[in-house]
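Quick look at what Swiss-Prot lists:
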BINDING   GLY180, GLY182, LYS183, THR184  ATP binding site
COMPBIAS  99-112  compositional bias 'Basic and acidic residues'
REGION    1-73  region 'Domain I, interacts with DnaA modulators'
REGION    73-132  region 'Domain II'
REGION    92-115  region 'Disordered'
REGION    133-355  region 'Domain III, AAA+ region'
REGION    356-476  region 'Domain IV, binds dsDNA'
Amino acid sequence: MTNSEQERWSRVKGRLRSTVGEDVYTSWFARMDLEAVQDESVHLSVPTRFLKSWIQAHYAERVLSAWQAEMPEVHRIDLSVRTAMRCATPAKEAPAAVEARRPERSDAKPVSDARAPVMTPVAASHDALGGSPLDPRLTFASFVVGRANTLAHAAARQVADGRRGDPVMFNPLYIHAGVGLGKTHLLQAVTWAGNAGGERKVLYLTAEKFMYGFVAALKSQTALAFKEALRGIDVLVIDDLQFLQGKSTQAEFCHTLNALIDAGRQVVIAADRPPSDLESLDDRVRSRLAGGLVVEMATLGEDLRLGILKSRVAAARAHHASFDVPEAVLDYLARSITHNGRDLEGAINRLLAHSKLNNQPVTLDMAEREVRDLVRPQEPKRIKIEDIQRVVARQYNVSRSDLLSSRRTANVVRPRQVAMYLAKTLTLRSLPEIGRRFGGRDHTTVLHAVRKIEALVGKDVALNDEVESLKRQLQD
């Protein structure tokens, strides 16, 4: 992909983000890659069939419109699934930083490489309980630990090191974070390490794979065998739970979750938001998920970003011994690329490709030129309703449980109304969702509170100052 194509793709992604909103973009478009631009066609790829089918069904016209705004001659968008590869065991040496990603093609031919581990494409008809594909690079050895992920790493390591029959400490272990912050890496590391001893059955499934497996079992009248096989697992690892759809599928997931936990089997789950924010899930499932250990992996700090960059350079050197990135370049990348770990890895891949293909050393000027589309303005902090409740409760000297209660005393009613007002103005949550998060209140109650505070801040200077102070505390 040329620099001009990279810049166009960056602008198209910006249009999509502004059109559909940050939450929708993160859920459905963040993992979409540009593969090629040919004449009147644009070739894009996503990692799963589920993402492909959902985008084609719901967002095809918007994607085409975003491209036509950039290139009016484009009349066709081809969306494919990046080929998933399965490896028998993770590579023992440092994992390769550069790996070709190609969309699925009927005419694709295998490429032999004596240094690479033997891999076989995962067949579409593979049994659901064969698990989702594992990336041999995603092990504990290649995971970079920092302040943002220390607790998540420690909890995942504790699960991986357990033995059959050991008491289960955290069940379920629920890890949530934004795109590219290491959730999938940790879950696959648990799976690799847990299966290494051969004592336990550790199964890694994406939510999409669970859904398709359950639906296929229903159609083939093998649902009972599907349930029994799942409940015979020692450690069940589920990734991208936010994509779990359908009442019957969610009900089966809830039954499986309960059966495994009640039997003392470990469940590990990852999603892009906390259980309370998974609005599409049944209340029983959210409650069960929240009953375990819920861990957030925070945004990567600069020190952690620098550690990830150094790790990726070391991995690249395993296959390209002469590859070198000066400290000044690493410092620049760590300061400038703040979005997620995938962008950091992509930056190293670009520098490696440019250095090798042009036979040039990596310099700061080259880095600034090659990664400029990855350097984004600092995004505003994402504020959560729990943060609002905590800060408001502290400001007005009440408890969070008071805000959620049915108490109608003056010292509770006003803080509750302020908190609802802030939830409406500082988050993207709907009125019904805000009401549910404030003790199961009706959306009309929330609307009344919002209008009440809106009217008061215009004429009550003291209240306006309090609200502005709360906003600053939440945004800092």
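Just so you know, glycine gets a Cβ as well, placed from its N, Cα and C.
In the predicted model, the region 'Domain II' (73-132) shows an average pLDDT of 47. Long-range C-beta contacts of GLY180 (ATP binding site), restricted to its own chain and to partners at least six residues apart, with a cutoff below 8 Å, comprise ALA30, HIS339, ASN340, GLY341, ARG342, ASP343. The Cβ of GLY182 (ATP binding site) has 28 other Cβ atoms within 10 Å, all protein chains considered. Same-chain residues that are not part of GLY180, GLY182, LYS183, THR184 yet have a Cβ within 8 Å of the Cβ center of the ATP site turn out to be ALA177, VAL179, LEU181, HIS185, LEU186, ALA270, MET297, ASN340, GLY341.
Taking Cβ-Cβ distances under 8 Å and a sequence gap of 6 or more within the same chain, the neighbours of LYS183 (ATP binding site) are ILE175, HIS176, ALA177, ASP239, ALA270, ALA271, ASP272, MET297.
Across the range of the region 'Domain I, interacts with DnaA modulators' (1-73), the DSSP-based residue counts are 46 helix, 12 strand, 15 coil. Each residue of the region 'Domain IV, binds dsDNA' (356-476) gets a DSSP state, and the totals for helix, strand and coil are 84 helix, 0 strand, 37 coil.
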